[in-house]
Amino acid sequence: MLDTVAVAAEDPHHDQPWADLGLKADEYARIREILGRRPTSSELAMYSVMWSEHCSYKSSKVHLKQFSELAEVLAQRQPDAGRLLAGIGENAGVVDIGQGYAVTFKVESHNHPSYVEPYQGAATGVGGIVRDILAMGARPVAVMDPLRFGPLDADDTHRVLPGIVAGVGGYGNCLGLPNIGGEAVFDATYLGNPLVNALCVGVLRHEDLHLAKASGVGNQVILYGARTGGDGIGGVSVLASETFDADGPAKRPSVQVGDPFMEKLLIECTLEIFAAGLVAGIQDLGGAGLSCATSELASAGDGGMHVELDRVPLRDSTLAPEEILMSESQERMMAVVEPDDVAAFLAICAKWDVEAVVVGEVTDTGRLQIDWHGERVVDVPPRSVAHDGPTYHRPFARPAWQDDLQADAAESLPRPGSGDELRKTLLTLVASPNLCDKSWITDQYDRYVRGNTVLAQPSDSGMVRVDEETDLGVALATDCNGRFALLDPYAGAQLALAEAYRNVATGGATPLAISDCLNFGSPEDPAVMWQFAEACRGLKDGCLELGIPVTGGNVSLYNQTGETAILPTPVVAVLGVIEDVTRRTPSAWSTGGERVFLLGETREELSGSEWAHVVHGHLGGLPPQLDLEAERTLAELLHDAVGLVSSAHDLSDGGLAQALVEGALRHGVGVSVEVPDDAFVGLFSESPGRVVVTVPDGAAERLVELAERHGVELTALGVTGGDALVVEGQFEIPLDELRDAWTTTLPAALG
């Protein structure tokens with residue numbers, strides 16, 4: 001028997017599986033209070049997915065509101081800047097980059113589905129973020145993929161990593177979108193909890209911006225794209241709202257299945273619809289599917305919405321109404337269209353062989369009403385589903401073990417003394433999973449499709465040309481060191497921000513805005529919530545000091561197996577603009593005879609470093625000290641040095657040694673340097689705010705003058721050339737030996 005609104009009113013005591021759907025007793029009681037009756041099974045399905053952790057941000061939104069406040073403060077401080085065209089609350093942030101162009105970008109997570117089904121979980125993660133960008137009115141132009149895995153030698157890493165990489169590459173390659181950057185980091189805490197964060201960037205003209213709202217009584221609601229099936233019912237909303245025990249997830253809904261060729265048609269179809277001016281409002285169908293799209297569109301509009309659910313095209317005719325509402329089948333969009341434009345809209349869809357059906361209309365009732373074969377199965381206030389879910393002020397407290405962790409500094413660990421020991425240490429580090437060559441991964445991605453990629457892996461940032469006539473472009477970088485964030489989550493978030501900011505600046509771009517993906521353990525653990533709260537506070541304070549807004553992002557909680565949470569991993573993506581991509585600064589030198597300099601100050605900062613991790617298996621102490629004002633000054637210097645320096649490469653994981661290795665191996669041109677003072681500290685410290693640059697021999701004096709003018713410390717290191725990495729007075733490593741150590745780790749482990 002169909003559970004209609006009338007039946008629900010007549011049978012108030014009907015037993016309902018609210019707990020199995022992830023709702024708590026007080027949440028279920030609140031739903032009954034809102035409706036004045038028990039919910040129908042369809043309404044219960046909608047509330048359960050929309051009030052899930054993944055969709056409602058119920059544990060995190062009390063901390064996230066400071067990012068909205070940050071945008072207001074920056075707007076008051078810089079009233080003429082006007083860079084942010086759309087921010088938090090939309091599908092993705094939109095930033096003005098000049099010349100009438102805007103860029104929209106966002107990073108999201110698809111962590112839990114990628115553990116259950118690595119290929120499809122990762123592939124649909126890419127597909128979902130691409131549709132978010134498309135829904136803003138933009139053409140997607142590139143993707144990136146910050147990834148985290150368990151130990152490289154673990155069986156489960158061998159299960160998930162190849163599938164995740166193939167999923168990211170397969171979907172992006174089929175869409176014709178270049179993958180221009182990302183990360184692949186290995187740590188024991190990610191075993192059983194891999195992180196698949198996906199970023200997409202899109203380009204639009206200012207006048208093409210579209211928002212998710214259902215306005216205009218009588219306007220038609222059109223569902224178009226792929227048919228709705230049983231895949232992904234409760235997918236991310238269920239999976240991302242629980243921890244995994246040793247046996248895997250207790251609730252195991254099917255992971256969404258992606259079809260990139262359908263998505264490619266959907267992109268081109270949607271862009272033509274935008275160009276024809278046929279859309280009053282639009283929303284992609286991602287997490288929570290139709291439940292999300294209908295409730296968010298209706299609550300963001302000025303009235304209500306009526307939907308005839310039996311009109312939805314199905315792949316599986318046996319699906320019940322609640323299953324249709326919960327399905328997370330991919331490659332679907334929902335548009336609000338004026339009645340006179342419906343025929344033209346449907347004609348464009350037919351041209352692209354995209355199925356489209358009018359499923360409802362905008363009303364003035366203030367209610368979201370959904371019928372199934374003429375019987376009402378949903379009648380709710382849309383805001384109560386989409387926006388007025390529970391808000392938890394979860395307890396948080398600095399863990400008792402934090403003091404002991406910070407007291408256990410790596411600076412006291414045994415360190416190499418002789419040149420031979422330094423040589424051996426360097427070779428060990430460059431062959432370690434986090435520092436080794438990642439070509440095994442990145443070679444599965446097309447980095448240059450579309451022909452506008454300017455920089456891609458292994459450069460510090462990805463860069464794409466936006467306008468082929470003016471050469472206007474944008475740069476993007478994603479970063480996070482989870483070990484630093486464990487030692488001090490406030491500082492760790494700021495260090496992630498600073499590194500991504502610096503990586504954008506090394507290419508010659510000016511940082512403008514950020515998106516974030518905050519990956520943490522269970523919010524029910526006060527220690528994890530303290531990490532989360534501190535990371536949010538650090539990110540807000542850092543952005544305030546750098547003068548750049550948070551445009552939006554994503555929170556992924558419950559990344560934890562039993563009592564073991566992942567390292568706190570606040571991934572930060574920074575977007576920058578460059579006026580002329582032909583003048584970008586590459587990350588590595590390509591000729592001999594160039595002078596090598598270090599910008600920034602090196603301090604003895606080894607806690608949380610790759611050296612401590614790889615050589616000693618140690619994690620403790622305080623992370624490196626950060627000076628955000630110095631980071632901003634360094635970025636300004638790098639901008640002024642465009643055309644003067646021939647390469648610029650930031651120092652981060654692995655310190656100066658790693659930067660020299662990557663610079664020398666990129667084009668097979670060696671380097672000879674003299675490291676002042678303590679060679680070990682000079683090579684392996686991970687002090688932030690540093691960049692290695694090269695300049696033609698005759699330009700060194702100009703660089704010295706520029707550094708003095710900006711007040712940035714400058715150290716002469718040596719000269720490029722030869723076929724070895726030479727540290728004067730310490731050791732020499734032929735490039736062939738260095739390359740063997742750097743490039744063989746992943747192929748040997750993964751085949």
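Heads up, the Cβ atoms here are built off N, Cα and C, so glycines get one too.
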Substrate binding in Swiss-Prot involves Ser109, His110, Asn111, His112, Arg131, Gln256, Glu328, Ser329, Gln330; of Ser515, Ser522, Ser556, the partner in that site is Ser556
Given that Swiss-Prot records Tyr57, Asp516, Gly553 as binding ATP, the matching residue among Lys24, Lys106, Lys424, Lys438 is Lys106
For Lys106 (ATP binding site) and Asn554 (Mg(2+) 1 binding site), the CA-to-CA distance in whole Å is 8
Across every protein chain in view, the count of C-beta atoms other than its own within 10 A of the C-beta of Gly553 (ATP binding site) is 25
Ser109, His110, Asn111, His112, Arg131, Gln256, Glu328, Ser329, Gln330, Ser556 bind substrate per the record; greatest CA separation between any two, in Å, is 21
Judged by other C-beta atoms within 10 Å of its C-beta, the most isolated of the binding-site residues Asp132, Glu328 is Asp132
Counting other CB atoms within 10 Å of each candidate's CB, the least crowded of the binding-site residues Ser109, Asn111, Gln330, Asn554 is Asn554
Of the binding-site residues Glu108, Ser109, Asp132, Asn554, within 10 Å of Tyr57 (ATP binding site) (CA to CA), in sequence order, we find Asn554
By Cα geometry, the one of the recorded positions (His54, Asp132, Gln330, Asp516) nearest Asn554 (Mg(2+) 1 binding site) is Asp516
Ranked by how many other Cβ atoms lie within 10 Å of their Cβ, the recorded positions His54, Lys106, His110, Arg131 are led by His110
